[in-house]
Protein chains: 2
Amino acid sequence: MTDSTKEQAADWSLSRRSAHAPGSPLVTVIGDGQLARMMHTAGIELGVTIRVLAGTADSSTAQVTPDVVIGDYTQRADVEEVSRDADAVTFDHEHVPNEFLEELIDSGINVQPQPAALIHAQDKLVMRKRLREMGAPVPPFMAIESVEDIRGFFEATSGNVCLKARRGGYDGKGVWFPSTVEHATELVEELLEKGTPLMAEKKVQLVRELSAMVARTPSGEVMAWPVVESVQEDGICFEAVAPAPNTKVELLRQAEQLAKDVATELGVTGALAVELFETTDEAGQPEIIVNELAMRPHNTGHWTQDGCVTSQFEQHLRAVLDRPLGSTAPIAPCTVMANVLGADCDPGTPLHQRMDEVWRRFPEAKIHMYGKGWRPRRKMGHVNMTLKEGQSVEELRTNARLAARYVVTGQWEDQQD
Amino acid sequence: MTDSTKEQAADWSLSRRSAHAPGSPLVTVIGDGQLARMMHTAGIELGVTIRVLAGTADSSTAQVTPDVVIGDYTQRADVEEVSRDADAVTFDHEHVPNEFLEELIDSGINVQPQPAALIHAQDKLVMRKRLREMGAPVPPFMAIESVEDIRGFFEATSGNVCLKARRGGYDGKGVWFPSTVEHATELVEELLEKGTPLMAEKKVQLVRELSAMVARTPSGEVMAWPVVESVQEDGICFEAVAPAPNTKVELLRQAEQLAKDVATELGVTGALAVELFETTDEAGQPEIIVNELAMRPHNTGHWTQDGCVTSQFEQHLRAVLDRPLGSTAPIAPCTVMANVLGADCDPGTPLHQRMDEVWRRFPEAKIHMYGKGWRPRRKMGHVNMTLKEGQSVEELRTNARLAARYVVTGQWEDQQD
């Protein structure tokens, strides 16, 4: 536990409650964001108890769960404490040091997914190598350990370089697109000096992004959700459309099979998101390339809460507990998720009034909020909407986007002042 | 607070947590059962904070919510404490003394539904009178204040008597069907002696039971869910089929309109269940008669969690906060809810193993558990299943019933040993 949280935690040890239902399985979730929060929503209905390691008492998950350990996931003792007696230990992010997890496993704790799988969601170079080994489609890449490395790679790719921090990047952070070889070498020099391990890969001629999600149990059962189109802006997902519209069945099948293979080959357990680039091959045909892996519920799977028989949060809990997986059948021909991202400025009206206005216009809008205060571009919630009879997918997408924007801006973007 | 809970509560005042999200509306729920628990599930996703008054620290709701006041709803101070600063105060049962609620209202607290409406869910005689006044279909009834009263009523109805405690009955408790005039007078004598206020009504020639549910806001918006058939055994609901199968559109419309009228006429806010008897009129046509009212989410509305755009738990929260109501459109042509009722004996296998076996056979089964220990016939959970393509409603009903039974017995009732 860090010094700064120690005093608070002293009070909080008193306030931790853990009156579990008789025989209720206990899942420890390391993390306190919206993913852990929504695991708790699913856990309540399943009769699965969630215990979280939260950084602060007012974090997204700690607000809504009784069994909270306040602590720091980079501190061995905190990770140990929250994991004690758990039927499974899982995560809402990939940043827990793997040596802690290895120690937990050695002491008999059931950690899911295991570090041997997790490493592929933590280190992009390890992931790229492993995927290439298994024959999955990846762009040309190399480790960047010197300015000579980047110079060579820049030349080899005719300047189509995507430079990445091997670890820790997300939502567009830790990714750079140097436009000149000078810019590239400067960047690499600076980053290596700071001790940032780097890799580079060939920039993909992107048509769009897809996401293929599956869940897998330790026993090896795998279930896939329909593949979605994921729309990004400045590296942050702001929309997911399920299933991916205007897509050949062949390509959807290929993406789904790829995600299943990755889960099995890497021994992933729980939810796995395989983020994909759709590009065009030499014959002009659509082709997919793996971008990133996430081993947990994922933003591109939020639509499953209102669009599928089994949500990713329920499935993740079932999977890490090695219980049978649920049907992933969609309940509508199309579901759209639009992220509620903090606007550039905080509108004057209260959040609940803005939600009300959205509900007045769209009584079918499912608004999910994370209990987070405003910050520009912060993921504060999401809106799910399913296709109604007579509605087009385009109309549905427009409505979901309008709704999500209104929640943060208090403005209808399709209406002039 | 009762003496017996005082010591426990002394510890628990330390353990109450209330780190609410900035600007999050706070709804106090008086009650700690599965209805309050599932309101919390809905509240998490809406960003609505739930605070409960719970009898015990390990009750169904207290297990899963951080902001819990341990206390007793028959104690004025406990009801006051839990209601402080709430944006709305609501209930998961009808047993809070109305004088406490009146006092809360006088002190400026927003109680929904209000005692003037609640009384019709608390006192069956008051309800019957009011419904008759507004022209709603009710059976012949009268107050029973003496053995003479029951003797007269027994004769007038040719012995078709249903005797009821005016207050406090539920799940078949507080209802008697005396078969002889002697039995009737004995019963009445005994009950009046105990101080039980009584009424009697003419026993209905029951074809089946229906339930019409609506939600209404203080501002007067009303939304109805599809009318369901509710199947009872020994006075306990064990199945709900939505929409009610093999029912004339006319009758469904009439039931829905009746529920809307009752909500508006009585000033109900939040969820309202109008439990109905279907009977046959003199011309042999189906006819409905009001049985009971419940002013809260109701067992016959659990199917909405997995069968409707907006669940009764979400809608109840939105309604008591006077926020716009959500779409009640069904997401499938038919949804069946089967109650998980405690079996006669506790099977040896752990609950989670039994759930797993259900999921293996029915991956589409949505199992909701309440965190309650086993007791014969106790409502421990429910199973929702929606109609799949090519499936008949009968098959769906059979599957849901098999699933719910297996959860408590560990036996498939369609398979011989």
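Glycine residues also receive a Cβ, built from the backbone N, Cα and C atoms like all the rest.
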ATP site partner of A:LYS124, A:GLU201, A:LYS202, A:LYS203, A:VAL204, A:GLU209, A:ASN291, A:GLU292 (as recorded in TrEMBL), chosen from A:LYS164, A:LYS248, A:LYS366: A:LYS164
DSSP three-state assignment (helix, strand or coil) for A:GLU209 (ATP binding site): strand
Farthest-apart CA atoms of A:LYS124, A:LYS164, A:GLU201, A:LYS202, A:LYS203, A:VAL204, A:GLU209, A:ASN291, A:GLU292, residues recorded for ATP, distance in Å: 18
A:LYS124 (ATP binding site) in three-state DSSP notation: helix
DSSP three-state assignment for A:LYS203 (ATP binding site): coil
Local Cβ density at A:GLU292 (ATP binding site) - other Cβ atoms counted within 10 Å: 19
